Amino acid sequence: MRRSLAPSQRGPLRPESRHSFTPPLLKKNKRSCQQELEREQELDRKRQSALRDASNTLELPLPIRFTANSEYERAIAKVLARKFKVPMDNYVPDYGGKRVLGVRRCISRRPLHDPVACNALVLFHPPAYTEHERMGMDPSKVLVHVVVDPLLSNILRPHQREGVRFMYECVEGKRGNFNGCIMADEMGLGKTLQCVTLVWTLLRQGPECKPTINKAIVVSPSSLVKNWEKEFTKWLQGRLLCLPMEGGTKENTIRALEQFSMTSSRLGTPVLLISYETFRIYAEILCKYEVGMVICDEGHRLKNSDNLTYQALMGLKTKRRVLLSGTPIQNDLTEYYSLVNFVNPEMLGTAAVFKRNFESAILRGQNTDSTDAERQRAIAKTQELIGLVDQCIIRRTNQILTKYLPVKFEMVICAKLTSIQLELYTNFLKSDQVRRSLADCKEKASLTALADITTLKKICSHPNLIYEKITARDKGFENSQNVLPSNYNAKDLNPELSGKFMLLDFMLAAIRADGNDKVVLISNYTQTLDLFEQLARKRKYGFVRLDGTMSIKKRSKVVDRFNDPESDSFLFMLSSKAGGCGLNLIGANRLFMFDPDWNPANDEQAMARVWRDGQKKPCYIYRLVASGSIEEKILQRQTHKKSLSSTIIDNNESAEKHFTRDDLKDLFTFDADILSDTHDKLKCKRCVQNIQMKPPPEDTDCTSHLSQWYHCSNNRGLPDNILAQAWMDCKCVSFVFHHRSQAQEIVASAEEAASEQPEEKPDRRKRPSTPLSDDSADEDFLGF
């Protein structure tokens, strides 16, 4: 660009022209301009002819002379005509699109992230087109790769990458003609992170080079709404804003939900986090408009298709449905059908068709009096059902975690009943109350029988739990007042009156004295938590307690305070029914499961609170049962695995209702001299007179069947010195089963683990299985 000169840069003007400037266009007319142009053209022709001579050489002032047609000129021309080539061997253009210079926008489609980058997780691969096919295609309709954001793909572990890919294929209809799936991974495998990855990917990209969905809804228990918000913020680092529905007035809630539902695109908060209860109340608003996808956390809440929450969620206008549950099957096939039908309606037909085709045949084959033909038909129908649901269910066990977490030791401790407990227990079994309960039962347990079972469980824990029944001379305790000591005081806990409490008291004292380990105490009854509190105050232990009475907001603060290493809280008292799911208690590395639940899923959920991501110490899990009592019967029910298929699990919160009269007779039996009723029924071939002569197979661990664990009738060989010392001191332990997890292989962080082993093929099991899934053990487990 020409720049005008400043006055100081110009030379002196002539006097006569100082004030007589005339524009050039006015000095020359049109004719003179034409003449000047012709003159210039003539000079150019003469200049060119003067440069040529007879030898066709160019005269240059340089000393070099060469011909225009020389080999050198041709070589230079060939080099200049060569197309540009990327100086990398075997390089393939990343997106295959054309590039244009300047400000004009390229119309060819490109994926959001590089599919050939290191550690890239590609969920969709477009068809491979030849160059000839590309020439005839509309560039605006070419499909592109769907690539997970590197922010997430670089931290996903191998099994999590597989889970994200599986869910994407399901919701996009790549696995049949359905768009739903069930993520049935066990606790601690990162189901939340996998769902965050799926939602973020669908909100930002798709094969059509545009977002697949505009908004999503995450439905969870009210205690986990805040946790979901934290997870989105943690993994996406604030890149996505969520709309959590917790608290607030009714007017504000309605306004927020209407704005979320009515906005179709460019929504500031495209993810709604809402509890099951709130969704049911405001379902009319949320079901008016379409939504891209719905995720249901703790999805086993939808096992009853007749409840209002299930029906409200079924009315949601979306085809993409993801259900999260570590325990997708908790009772029978009807509940299992409800879950599958929620994510993929009509996959299994109507309820009547499903019952006729599958349920009736399978249940007939499970009866003890079924014929061989009925059992074979049941097996065939079970395999047919598995083949159908395999395409929409993925399940991995926490066996995968063993390579990332410190070692875990699990121990099932059989504690003897004290003399007072023993007398109360046997007197109640011999009472007219139990005799009438058994007489009233014909095919199923009566309500009185179920109440008697609860009474026996309380006797096993501590006499304080039935003190009111004793003083009131309740049925079964008419003559039990003399059993208690004369100075008995229910308000002042005496651990010596209970074998389990005596053992717990000894072990807590040893743990407190030997180091800085923290402990989680879990029970199914809040009354037992009250006894824990009395013990903690008696021994002056710092503690926190979480049960159903605690508000949702306060729970998070309590957990954070306990996990703080500087906190003086030694004990965390937890009700398994109130807070067994979603809690991360890695501040502790020792956990006592004080009483067993009929549903093994509840116990597994609760016991997984300490052995999870972030844990740095070896973990010790203690499961306490009273020797020979109903608690051992419950343990046996938990470990029982039906012979037909691991798809059908015999575990339910109200499993007692399915007991036959013969089952109840077995529950109301007791042998005071037995070391372990469970070990006797195993008919263990590795033990002689309750002494282990042969160790378990090398390839077993704490996920194996109890018959494949270590069996100890004394304190030698125990993995925990504290338990070994308590066995000697309190002399209330009769038998111990113990095993450990596989040794930790990867000490690196999750990010490093994911990047170091991208090629690993994790253990993948699509169909749900029992917690103890060693098929070879069933042959020895004859008594169950």
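Each position is counted from 1, following the chain as shown.
From the backbone N, Cα and C atoms, a Cβ is placed for every residue, glycine too.
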Note to self: Checking feature assignment: motif 'DEGH box' per Swiss-Prot, candidates 9-12, 29-32, 173-176, 297-300. Which range matches?
What the structure shows: 297-300
Checklist line | Cβ packing number for G190 (ATP binding site), 10 Å threshold | finding: 22
Next item on the list: For the recorded ATP site, whose residues are D185, E186, M187, G188, L189, G190, K191, T192, find every other residue on that chain with a C-beta no more than 8 angstroms from the centre of their C-beta atoms, and list them by sequence position.
Entry: G326, N398
Next item on the list: State the three-class DSSP label for K191 (ATP binding site), counting H, G and I as helix, E and B as strand, and everything else as coil.
Entry: helix
Notebook entry, point to check: Over all shown protein chains, what is the count of other CB atoms within 10 A of the CB belonging to G188 (ATP binding site)?
Noted result: 19
Next item on the list: Could you tell me which of these binding-site residues, M187, L189, has the fewest other Cβ atoms within 10 Å of its Cβ?
Entry: M187
Margin query: Is it possible to list how many residues within the compositional bias 'Basic and acidic residues' (36-47) are helical, extended or coil according to DSSP?
Written below: 12 helix, 0 strand, 0 coil
Item checked: Tertiary neighbours of E186 (ATP binding site) (same chain, Cβ under 8 Å, six or more apart) -> G326, R395, R396, T397, N398, E604, A608
Margin query: Within its own chain, what residues at least 6 apart in sequence put their Cβ under 8 Å from the Cβ of K191 (ATP binding site), listed in sequence order?
Written below: G163, M183, D185, L324, G326
